[in-house]
Amino acid sequence: MLENISKSEFVNFLLEKKHNIEPKTLPILEQHIREQKLDDFFLDFSIDFTDEELNNFLSKLDYWLKNTKLNSSKADVIFGLLYSCNKFIKLIKNPTFSFVEIKQFYNDILNTNKNYIIEYNKKDKGKINIAVEGNVVTRFPPEPSGFLHIGHIKAALLNDLMAKNGKLLIRFDDTNPIKEEKMYENVIIEDLHTLGIKNYTIVRSSDHFDSLYNYAIQLIQLGLAYCDNTDQLQMREERTKGIPSKNRNTDIETNLSIFSKMSSGNCLDYCLRAKIDYTNLNKALRDPVIYRHIEKEHNITKNKYKIYPTYDFACPIIDSLDGVTLALRTNEYRDRNEQYYWFLEKLNLPNKPKIYDFSRLNFENTVLSKRQMKFYVDNHFVSGWDDPRLSTLRGILRLGMDIDTLKEYIINQGSSQKSSVISWDKVWSLNKKNIDHKSARYSAIPKLYCVECLILDKNNNEIITKTEDIPKFKKNLSLGNKTIIKSSHILISQEDANILNNNEEFTLMNWGNMKVKEKQIVNGIIIKIILEENLAGDVKTTKNKLTWVNKENIIEFKILEYDTLQNDKNTDNLAEKFNTNSKKEEIWLGEKALISVSPKTYIQIERIGFFICDKPLEFILIPYTKQKRMR
């Protein structure tokens, strides 16, 4: 079974605190399932279930819960299993979730364990508790196959932070030429600069391809690696069940001969596997593949190699050769730590970096899969890797996230190993607070069904046109001034017009009080309102305070509002999963001062929300800033 390591650690914590059950080593959940003597189908659980597989598992579980009496410790193990699966967490929040027994069971246990979850998550949040000595050498190893996303940013910032008095390596993991493109190296470097990471040395995994090949031969000569032509599905089944490969005991000379042929582009059905322990409870040690054939020209080495090392094999060796002293990685791969040190020890490499693993950032309703994002980019569901619906750094910034806010939030999460799903509203709330002071204020209304207002004085004459300079934001005068024109012909929104009653006195913001004299309505749509100016009126006494634009001093512009990339459909079909309502566009009318707003500038449209200028006269609504209409 494949488990979420950090969530599994919580199960250890819960069972020890609540039931005095001794914590388990990896695989944690599997050992608890066996100790509690739960049915075998629980061992089929995986955090990487497809939608169909998860549905099948939940069907079995729902029936099982109906017909089984549970003690508290067994219930907590099952709860921990479900709690560790982000796909399940998202699914159970959906109102259409159909497994009644599971919903009742999970919510009951969740409420019971709420304080334990809070205690666990608070243990080291916000702290950087990584003990290191001397000059630290860290590495950030992105694969050049896409843009940096929110999941990469924490790793990049922590590596940079820990290397402040040492050395940071940006190592491009180019061990799979099928996925990699040179252009991605450039955009990753640009993204790192955006994050303020500028002191580093660039290296590549391919710098060590010759050494890695020789180390693979060394493992064969030590009897610690063998060539295997077992097909992929059978190999997966054998590793799952702890069955040795038919080729596991092939003699050294035969393995050396086959490996040599592999390197020449022959024996294409073979791979090289490390000979570790095919029955180990930690399945990462069950003879992992360390070399395989890839028929694709490499960006750097061109056609020199026909076979390439896997990341799991290359990573510890290159870390050692590059002088890395601290290897930071997300704890979902903690089961590979033992494998990491096995390679270093068997190859007698003197530099053994210290591994420190931390929890990855998981956000609600956020796609972090590079494969899925690439599908939406390649098939033009989105405009590119910087589309505001994507969780790439560029997409998030384009949606209106302030870079300093993002860095502040991530660093404040610390090096915690506790995994949790973060709600975006917390980050965007902090973002709103940080951009408020630098956001100039403007007035605007939707163009559709906008309402013309004629303003008269007490003698029923059109008022005299007045021009006035006012601050763009009264609380930050450094943003400068803008000019507003007060004349007899203005526009307000249909929504605002609908709330006004005849003879009502209300306030036009940045102007004064007005009295409704007449409303002209055609087919239920207000087309015109006659107002009487009453500047002597007290703005404190009016219920409605509305925004307006001058009819002769306006500019058309576009507002874009983005939603989540995917819908709630229970399907693995990415096209069907795409949220077709994830982008909305509207034409608005605003004061002409908006024409001078440059891209990447923050503004507030009063009584509407905060926006970021995407391009001239195009503004993106920043999430969680849409305001309730102030009456």
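These residue numbers are counts, starting from 1, taken along the chain as shown.
Just so you know, glycine gets a Cβ as well, placed from its N, Cα and C.
Feature annotation from Swiss-Prot assigns L-glutamate binding site to Arg139, Phe140, Pro141, Asp173, Tyr311, Asp312, Phe313, Ala314, Cys315, Arg329; the stated evidence is similarity to another entry. Under DSSP, Tyr311 (L-glutamate binding site) is assigned to a helix (H, G or I) in the three-state scheme.
Glu332 (ATP binding site): 19 other CB atoms within 10 A of its CB, across all protein chains. The ATP binding site annotation in Swiss-Prot covers His149, Glu332, Val367, Leu368, Ser369, Lys370, Arg371 and rests on similarity to another entry.
Taking Cβ pairs closer than 8 Å, the motif ''HIGH' region' (144-153) reaches residues 172-174, 176, 179-182, 184-185, 187-188, 191-192, 195, 360-361, 363, 366, 368, 370, 373-374, 385-386, 390-394, 396, 406, 410 in its own chain, all 6 or more past its ends. Taken from Swiss-Prot, the feature motif ''HIGH' region' applies to 144-153, supported by similarity to another entry.
If you look up Swiss-Prot, you'll see 367-371 marked as motif ''KMSKS' region', on the strength of similarity to another entry. Within its own chain, the motif ''KMSKS' region' (367-371) is flanked in space by residues 145-146, 149-151, 390-391, 565-566, which lie at least six positions past its ends and keep a Cβ under 8 Å from the stretch.
Residues Arg139, Phe140, Pro141, Asp173, Tyr311, Asp312, Phe313, Ala314, Cys315, Arg329 are listed as the L-glutamate binders, and the farthest two of them sit 17 Å apart at their Cα atoms. In the shown protein chains, 23 other C-beta atoms lie within 10 A of the C-beta of His149 (ATP binding site). Within the set of binding-site residues (Arg139, Phe313, Cys315, Val367), the lowest number of other Cβ atoms found within 10 Å of a Cβ is recorded at Val367. If you average pLDDT over the motif ''KMSKS' region' (367-371) in this model, you get 93. Within the same chain, residues at least six positions away from Lys370 (ATP binding site) with a Cβ under 8 Å of its Cβ are Ser145, Gly146, His149. Of all Cβ atoms in the shown protein chains, 12 besides its own fall within 10 Å of the Cβ of Ser369 (ATP binding site). Residue pairs drawn from His149, Glu332, Val367, Leu368, Ser369, Lys370, Arg371, the listed ATP binders, are separated by up to 18 Å at the Cα level. Looking only at the binding-site residues Pro141, Leu368, the densest Cβ neighbourhood within 10 Å occurs at Pro141. When the alpha carbons of Val367 (ATP binding site) and Pro141 (L-glutamate binding site) are compared, the span between them is 21 angstrom.
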